[in-house]
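**Q** Before we start, here is the structure in question, set down as structure tokens.
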Amino acid sequence: MKATSDWKQMKKEGEKITMVTAYDYPSAKQSESAGMDTLLVGDSLGMTVLGYDSTVQVTMDDMIHHAKAVRRGAPDTYIVVDMPFGTYHANVDDSVRNVLDLYQATDANAIKLEGAGGIDIIRRAVQAGVPVVAHLGLTPQSVGVTGFKMQASDEAAAMQLIQDAKAVEAAGASMLVLEAIPSDLAEKVTSVLEIPTIGIGAGVNVDGQVLVYHDVLQYGTERLPKFVRPYADFNTAGVQGLSSYAAAVKAGEFPDEATTYKRKVFEE
Ligand code: KIV
Ligand code: NA
């Protein structure tokens, strides 16, 4: 399993970091088998597996429930777990308490927080021994304010993002997710930091990539964001498989000899 100290080393050596989201036992198991460097139990689970239209409704209990299943499916993979909406903004003490609780309850390797508003929370969590991953650019918990679109598209916003990136690094973050920002800005941020940047919709000149499991495999998805390239089609395979099963039941072709217990219990 990777350790937090490996991330900077991989960046230094120019080895790209692979990350994908996982939300349950089978997705974690597959990702570990595929040799992913790290998994993210993203609060995107609100949309991908719970059917909400944003991540805002996701609770601490939801994150714990899913993260524990991911840990069972990927016992030997570095796992990052998202802090859900509303659990790290009210005040620093409660926020730090919540970070510690989520880390402890899930057996995660790191906790991820969106935005640059929580610099003190990052510093104190790291001091308390919790590796922290930061997340800048499009931060989906704020879509009510920002919308689901590219962020930092003008120079002032880009300069602010660079300042925020330096601040999260100085506070002790060990990785930085950059979501939906122009690729030249992502490249610049990557060059000024020692910690690796993990891009999602941030171009190729970053230190690693993360995508949502359900997007990579087209599983329950209808429309993919511009920055996704799918690598399998679970939607088609799943509907075909289920239709074939239903048709076989209707036709009386399932179950057959091979799928039936044949021990006789009644006399003729
Ligand atoms: O929840 C999530 O899936 C994420 C990634 C998009 C980085 O935070
Ligand atoms: Na997230």
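Keep in mind that glycine also has a Cβ here, set from the backbone N, Cα and C atoms.
Got these off TrEMBL a minute ago, pasting:
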ACT_SITE  GLU179  active site, proton acceptor
BINDING   ASP43, SER44, ASP82, LYS112  3-methyl-2-oxobutanoate binding site
BINDING   ASP43, ASP82, GLU114  Mg(2+) binding site
**Q** Filter the binding-site residues ASP43, SER44, ASP82 down to the ones within 10 angstroms of GLU114 (Mg(2+) binding site), Cα to Cα, kept in sequence order.
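**A** Hits: ASP82.
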**Q** If you count Cβ atoms within 10 Å of the Cβ of GLU114 (Mg(2+) binding site), leaving out that atom itself, what do you get?
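**A** Summing over all protein chains shown, GLU114 (Mg(2+) binding site) has 24 other Cβ atoms within 10 Å.
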**Q** Which binding-site residues, if any, among SER44, ASP82, GLU114 have a Cβ under 6 Å from ligand 2, given in order along the chain?
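**A** The ones that qualify, in sequence order, are SER44, ASP82.
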**Q** Take the C-alpha atoms of ASP43 (3-methyl-2-oxobutanoate binding site) and the residue listed as 'active site, proton acceptor' and report the distance between them in angstrom, rounded.
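**A** Cα-Cα distance, ASP43 (3-methyl-2-oxobutanoate binding site) to the residue listed as 'active site, proton acceptor': 14 Å.
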**Q** I want to check the contact list for ASP82 (3-methyl-2-oxobutanoate binding site): same chain, sequence separation of six or more, C-beta distance under 8 angstroms. What comes out?
**A** LEU40, VAL41, GLY42, ASP43, MET63, ILE111, LYS112, GLU114
**Q** Hey, of the recorded positions listed (ASP43, GLU179), which one tops the CB count within 10 A?
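**A** In terms of Cβ crowding, the pick is ASP43.
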**Q** Helix, strand or coil: which one is LYS112 (3-methyl-2-oxobutanoate binding site) in, per DSSP?
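**A** For LYS112 (3-methyl-2-oxobutanoate binding site) - judged by DSSP and reduced to three states - the answer is strand.
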